[in-house]
């Protein structure tokens, strides 16, 4: 394969996965919500985009619709679990990922069922190179956008409450905040970003079927976040890039090395071990969460360090 | 009405699998306070150990069940020692524990896939079938019902009459207080993880003998098993007894309804999901607590 195209393809996939990791960072890194069905919201965005784009709806409208549908589904499904302990949300989201795939697989009428569905490309250029470059520009822009949004939110008063909910839900409630609303909004926003990633994924690969949305996608996003450092958007970025490079590296190695084991099996065994080892020995990840960047921080520090005045 | 009888028998079979698997899951979940997603792979591991045993000419279901129970119990202990106990000792929160269990599940699942390939295998044993009226029941099903009943009785006796059973209940209810009253909570935890794994192995062998054997075996029934555990109340064995029956009936009658509506029977997993959501809305603490 053309090496330049391969690098472009890697960048595009890394970008899509980093956007997913950023959305998980908003949900888990800042708010402490364990979304174990990330792939479902990615899938919702991808299929919404595919169906609308086939009807001839303009690109940006289909993309926004995908994000909205993912957000709505995220809210509806997780509402019953949000008031309960974290493990209920984990079980519900994990199960929902499986159910959504099952429904799309079984209903041929909706989007081709198991046969999948063709997706019109957003950039109908004849040249492969040109459309790859256009995709890089598009994904780069969306990545920058979601990074700035999540980063701005994380350091806003809203983000401070999210972190406080993560660290002590009851204390935040006692201060009169409606933690339920904050959790629900963080999940809706996270799902919307995941839906956005789904839309750009669908238009880039130009064909989607239910087998592209298996649970390992969710697991990969979690590895990226945990390796990079949850609670730090730069960590999400670094983690996404590193894991995508490992992913590509092993795929290249597969062609040149003859291993006694199937590389695909080996890859997942190594991912499983990697996540366990990080959790055991470096739970904060490569780039740990830093202090909040709030304008009043210096002020507060001054106040804290000054001797008490009578 | 013979159709209804067959559906009831099928419900009993499905429910028995969920009961055996769910008991192992709910006991460790209640005691260690986190859902172990690698439990799915414990089932699969047990199924493959059973397959290995059945390959020998002397192999029979009883030997397969015993070896699978022992091997999976040991696997469960090994998982606790190498992954979960170090994490718990480092005061890992709930979500990192769950992520680690998913990671462990991948390690086991893909190792099994490497050893036995991803193609479906079968125990290649034909079970004698009894027919009463229009209702069919195989010898394997009778064994399964017997195993589920025996397990329930033994566990009931264990919880009510023995020291270890009472120690388990005490540790699950309040670990600090149990320790203060002189219970060796670590030993109780090890015992429960072993028993939990052993039950997963037994459930895995029955599932594989009744259907097929493939690396996704455990994962494919994890959702209804979790739904049973949540409906029964996490950690509650008695709640699970009713919950597994309800899930078995809901799933099998669900299939009948789906067929009547002309929908794919693949949706039967959605029945478990529906039960899960309803429980979370109306009775999140489950039946037994």
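Glycine too: its Cβ is placed from the backbone N, Cα and C atoms.
Any TrEMBL annotation is an automated prediction that lacks curation.
Matching A:264-281, A:282-299 against TrEMBL, the residues noted as transmembrane segment span A:264-281. Packing against the transmembrane segment (A:59-82) from elsewhere in the chain are residues 33, 35, 40-42, 44-46, 48-49, 52-53, 88-89, 91-93, 96, 100, 122, 180, 183-184, 187-196, 198-200, 202-203: each is 6 or more residues past its ends and has a CB under 8 Å from a CB in it.
Against the transmembrane segment (A:12-30), stretch A:219-243 shows more Cβ pairs under 8 Å than any other of A:109-126, A:132-154, A:219-243, A:264-281. Between the transmembrane segment (A:219-243) and the transmembrane segment (A:109-126), the number of CB pairs under 8 angstroms, six or more residues apart, is fewer than three, so the stretches are not in contact.
Here the transmembrane segment (A:132-154) has long-range neighbours at 5, 8-9, 11-12, 15-16, 18-19, 22-23, 25-26, 30, 122-123, 125, 162-163, 189, 193, 196, 200, 204, 233, 237, 292, meaning same-chain residues at least 6 beyond its ends whose C-beta is under 8 angstroms from one of its own.
Within its own chain, the transmembrane segment (A:186-207) has Cβ neighbours under 8 Å at 12, 16-17, 19-20, 22-24, 26-27, 30-31, 33, 35, 38, 41-50, 53, 59, 62-63, 66-75, 78, 82, 116-122, 135, 138-139, 142, 146, 149-150, 153, 162, counting only residues six or more beyond its boundaries.
A Cβ distance under 8 Å defines the sequence-distant neighbours of the transmembrane segment (A:109-126), meaning residues of its chain 6+ beyond its ends; these are 47, 49-51, 53-54, 59, 103, 134-135, 138, 202-211.
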